[in-house]
Structures are given as structure tokens and as C-alpha cells.
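According to TrEMBL, the features are:
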type	residues	note
TRANSMEM	40-59	transmembrane segment
TRANSMEM	80-99	transmembrane segment
TRANSMEM	134-151	transmembrane segment
TRANSMEM	180-203	transmembrane segment
TRANSMEM	223-240	transmembrane segment
TRANSMEM	252-272	transmembrane segment
TRANSMEM	303-321	transmembrane segment
TRANSMEM	333-357	transmembrane segment
TRANSMEM	393-415	transmembrane segment
TRANSMEM	436-456	transmembrane segment
TRANSMEM	462-482	transmembrane segment
Amino acid sequence: MYIPTVGLFLLATVALMIGGQGLRGPLTDFLHVIDLKMGWLFLGIYIINFVFLIGLAISKFGKIKIGHPDDEPVYSGFKWGAMVFATAIDASIMMLSITDPLQVIQTPPFHLKPFSHGAYIAGTMLGQFNWGPMAWMMFAPAAILIGYLMYRRNRPIQKLSDGLDILAGDNSVKKLLRGLVNFLVVVGIIGGVGSSIGMEVPITARAFSSATGIKFGLPLESALFVVLFGLFAFTVFKGLNGGIDRLSMAHIWLAIGFLVLILLAGPTRYLIGNEVQSLGQLVTHFIPLATDVTPSTTQQNTLFYWGWWLSYMPVMGLFIAKISRGRTIRQLLGGMMLYGFTGCALFYAVMGGYALWLQENGVFNLVHILNTQGQAAVIATVIGTLPMKQLMTLAYCLSCFIFLATTISGSAYILSSFTSTPLKNREPSRFNRMTWVVVFMIFAFSLVLVGGFQVIQTISVIAGLPLIGVCAIVLVSIYRLVKRDSELVFVPNPHPVRPQPTVERRAAIRGRLILPPTRISEATQNN
């Protein structure tokens with residue numbers, strides 16, 4: 001699978017480079033076709049996934065631990081949340097939290113009048129929906145399945161297909177399906193990561209240009225690609241504990257400082273008031289937004305995000321599983337929603353709210369800049385209004401770089417596991433990891449040559465579309481595991497059991513688990 005996948009994306013890269021900007025129109029048209037014909041598939045899998053996981057969390061099965069009953073979490077709650085948040089969202093949140101609200105106020109949902117007060121509230125609300133609980137829950141199925149099998153069953157899970165018992169066996173059809181799942185996972189990851197880099201590098205380059213005076217253009221973007229490659233290579237070589245967790249913590253504190261400065265130096269009262277109203281509207285309109293299949297600008301934007309989150313589902317599932325040993329399913333799901341949604345909501349409340357304030361109060365016509373010059377120009381303009389303009393712009397660029405490095409290095413690390421021969425507790429080879437860093441970079445560079453945000457949206461949707469079926473298989477596998485695995489079968493009211501000084505008995509008391517017959521007979525003899 002390693003060579004065919006690398007070859008496929010090299011061909012795609014060559015095609016994009018040759019086609020250039022001429023491909024922008026056809027790719028945009030294809031996005032509209034998917035929105036019209038297949039949008040309901042994305043909405044359907046997200047609804048099913050969200051309802052299933054909420055039910056799992058509040059049920060007795062939510063007490064199941066990712067690991068053995070006496071395992072304790074490896075990372076503290078805040079450090080765990082920081083690693084999940086920073087690895088999952090990359091620099092997109094730093095950018096789209098500014099531009100998304102400006103798109104929404106032009107074509108607001110629910111028949112609101114453009115540029116009305118309600119449209120401004122909807123601008124923040126829609127962003128927080130697209131980065132909200134339903135989105136974050138898309139990472140959870142793979143994390144639960146892989147984490148439980150690795151740390152409770154002691155099964156080596158190197159690929160997502162290794163945990164799909166429904167596809168287990170030597171049957172030729174099942175082998176073919178496992179290979180197909182692995183292929184779709186790799187394609188999804190490269191598509192999602194590549195589109196992220198392709199969107200974020202031009203915006204970062206434009207911001208850097210405004211701070212330093214260096215001319216914005218392809219040479220500057222190319223130089224940033226070289227710098228990013230070096231940074232990615234460093235974190236990939238350092239590994240999980242040596243690089244990714246340190247970058248995660250560094251970025252979280254930098255991002256918090258950035259948001260606090262904007263909140264205190266900007267229109268604090270406006271930002272808080274706008275966010276309170278936005279959260280109220282989000283609660284009110286959550287179900288209509290989740291179930292709206294009518295093709296529209298709002299629905300197409302949500303479709304892009306649903307494809308983007310789906311494309312990251314396998315890689316983030318394995319990453320979260322690796323750092324979640326000792327946590328229960330309920331803690332994992334609750335932590336993802338708490339840290340994930342809260343972090344994203346803060347970005348939209350502060351950075352998005354600040355952009356809306358600039359627009360509403362006539363400081364800058366950001367909508368006109370967005371429509372005529374693009375996202376990069378808007379973001380550079382917004383950051384340029386802050387105190388200490390150059391310093392803040394450089395801090396913004398640094399934050400974006402760290403976000404990108406955390407996400408891409410984590411993705412390359414896990415993708416190398418997916419495409420390696422059985423590792424047997426060994427690290428993936430550095431050559432394998434660096435290969436995927438190179439693939440990410442050249443594929444993203446080809447997207448920069450084509451240009452246009454809708455091209456990025458199209459690639460994200462295409463990458464996520466095949467993973468709808470993969471997600472459904474993962475959910476079925478979790479259901480089968482919960483219902484049929486003897487160590488996960490709970491009884492409503494078991495007979496009282498006197499405490500015994502054994503790990504199994506303590507686990508039985510805490511979780512009311514059915515003990516294996518051998519342990520029951522031993523306990524009876526001891527009594």
C-alpha cells in the first residue's frame with residue numbers, strides 16, 4: 001500500500017501542477033455536484049455518530065476504561081486536552097475563525113437579512129457549530145475502538161483495519177475489504193492534511209509579508225514551505241513524547257496569550273455580548289443546522305467541514321487512543337467536547353467577534369476585502385489593527401507555524417504506522433515518516449498553484465467522502481465489541497460480592513463486571 005499510495009498522490013500532484021488555475025473552475029463545479037447529490041450522506045453519518053456516542057457515554061458502558069481497571073491516565077487532563085486540541089485543528093482555526101463570520105453575514109441562514117444584527121450573531125454561531133460537538137465526536141469512534149483493543153486486549157493495532165473484527169478472517173473478500181479500508185484511510189489523511197497546508201501557507205505568507213515588508217508571492221510561499229519542511233522533519237524525528245507534546249503545550253500557551261491580548265485590547269464588552277447571544281442561538285438552532293439537507297451556502301460550508309473532519313478521523317483516532325490510556329470512554333468523550341469545543345468557541349468568540357466588530361463599526365470594509373482580495377488579505381488587515389502591529393503579526397505567524405507543525409508531524413507519524421509492515425512495538429522508520437512529510441508538502445504546493453478556497457473545500461470533501469463508509473464500519477465494530485465481549489457485559493443488579501484483595505474483584509465492584517468463570521470458582525473456594 002505504501003508504494004501505490006505515494007504513486008497516486010505524485011500523479012495527482014503532477015496533474016494539479018500542470019492544470020494550474022485552469023482546474024479551479026471544474027473543481028468548484030464538482031463541489032456543487034457533491035453538495036447537491038451527496039450532502040445528505042455527510043449529515044446522516046454525523047447524526048448517527050453523534051447520537052450513538054452520546055448514548056454510549058451516558059450508559060453504563062461509559063465506565064469502560066481504555067486500558068486495564070487499575071490503569072491511571074498517562075497525561076494530566078490539561079496536557080491531554082492540549083495535545084488533542086493542538087493536533088486536531090492545526091492553523092485553520094486561526095484563519096477561518098476570522099473569515100467564516102464575514103462570509104455568513106453576507107448570506108445568513110434562517111432567512112435573516114444580510115448585515116443585520118441577527119446575521120452578525122449567526123456569523124459566530126455557525127462557526128461554532130461547524131467546529132462544535134458533532135465535529136469533535138467524529139474523532140471518537142476510532143479512538144475508542146483502537147484504544148480499548150490496544151490497552152485492554154493487548155492487541156497490536158497498527159492500522160485501523162486491525163481493529164475491525166467484522167472484517168477479520170482469511171476470506172479473500174475480507175482481505176480485499178481490509179486493504180480497501182486502509183487505502184481510503186491513507187487517501188483521506190493526505191487529502192485532509194494537504195488541503196490544510198495548501199490553505200494555510202498562503203495566508204501565513206501574506207501576514208508575514210505585511211509585518212516584514214517582504215513582497216508577497218510564490219517565492220515567499222516557497223520559502224515558507226522550505227521552513228515548514230525543516231520544522232516538520234524535526235518533530236517527526238523527535239517522535240511523540242520528544243516533539244509533539246512539547247509543541248502542543250507551547251502552542252496552547254501562545255494561543256491563550258494571543259486571545260487574551262485581543263480580548264483585553266479590543267472591544268471586550270462587544271465580544272462577550274456577541275458570544276453569549278451566539279451560544280444561545282447555537283442551542284436553539286442546533287438540530288435544524290444538523291439536519292438541514294437543503295443545498296445552500298450555509299450547508300455547503302458545513303459540508304466542507306464535515307469532509308475535513310472525516311478525513312482526519314483515522315489519524316486522530318489512533319493519536320487520541322495512544323495518549324488516552326487509563327481514561328474511561330465517558331472521560332474521553334467528555335474531554336474531547338470540553339477541550340475541543342471550548343477552544344474553538346473561544347477563537348470564534350474573540351478573533352471572529354473582533355473581525356465582526358471592525359466590519360459593523362465601519363473601521364474596515366472587511367467583506368469587500370474578502371470578496372476582492374481573498375482570505376489572506378482580510379486576515380492581514382485584521383491582525384494589522386492590533387496594538388504592536390508587527391509584533392502581533394509575527395506572533396500570529398509563529399502560532400500558525402506551531403499549529404501546522406503539530407498537526408502535520410503527528411499525521412506523518414501515524415500515517416507511517418498505517419503503511420509499514422508489522423512493527424511489533426518498534427517505531428516506524430524515519431525514512432517512512434519523512435516520505436509522508438514530503439508527500440504532504442508537494443501535494444499542498446500543487447494546491448497553492450491552483451489557488452482558490454473552494455478548491456481546498458473540494459479536496460476536503462473528496463477526501464472525506466469514502467470515509468463515510470469506514471466510519472459506519474467502525475461504529476458497528478464498537479457496537480459488536482460492547483455487546484459481545486465478555487469483559488464488557490454488565491448485569492443490572494448482580495448478587496452482592498464481598499471485597500477480595502484482587503485486581504479482578506476490585507474491578508468487579510467498581511464496574512459490576514461479570515468475572516471469568518475461573519475467577520469465580522477461585523473466589524468461591526477462598527470463601
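Any Cβ shown, glycine's included, is placed from N, Cα and C.
Bear in mind that TrEMBL entries carry predicted annotations, made automatically and left uncurated.
The recorded stretches the transmembrane segment (333-357) and the transmembrane segment (180-203) do not share 3+ CB pairs below 8 A when only pairs 6 or more apart in sequence are counted, and are therefore not in contact. Among the stretches 40-59, 134-151, 180-203, 252-272, 393-415, the one making the largest number of Cβ pairs under 8 Å with the transmembrane segment (80-99) is 393-415.
Taking pairs at least six residues apart, the transmembrane segment (252-272) and the transmembrane segment (393-415) share three or more Cβ pairs below 8 Å and count as touching. Contacts between the transmembrane segment (436-456) and the transmembrane segment (180-203): present, as 3 or more C-beta pairs lie under 8 angstroms, all at sequence separation of six or more.
Outside the transmembrane segment (462-482) by six or more residues, the chain places 30, 34, 38, 41-42, 45, 48-49, 52, 56, 61, 64, 138, 141-142, 144-145, 148-149, 160, 163-167, 181, 184-185, 187-192, 195, 306-311, 313-314, 317, 488 with a CB less than 8 A from a CB of the stretch. For the transmembrane segment (180-203), the residues of the chain that approach it from at least six positions outside its boundaries are 1, 4-5, 8-9, 90-92, 95, 159-161, 164, 167, 221, 224-225, 228, 308, 310-315, 375-376, 379, 400, 404, 407-408, 411, 415, 418-419, 436, 439-441, 443-448, 453, 456, 459-460, 462-464, 466-467, 469-470, 473, judged by C-beta separation under 8 angstroms.
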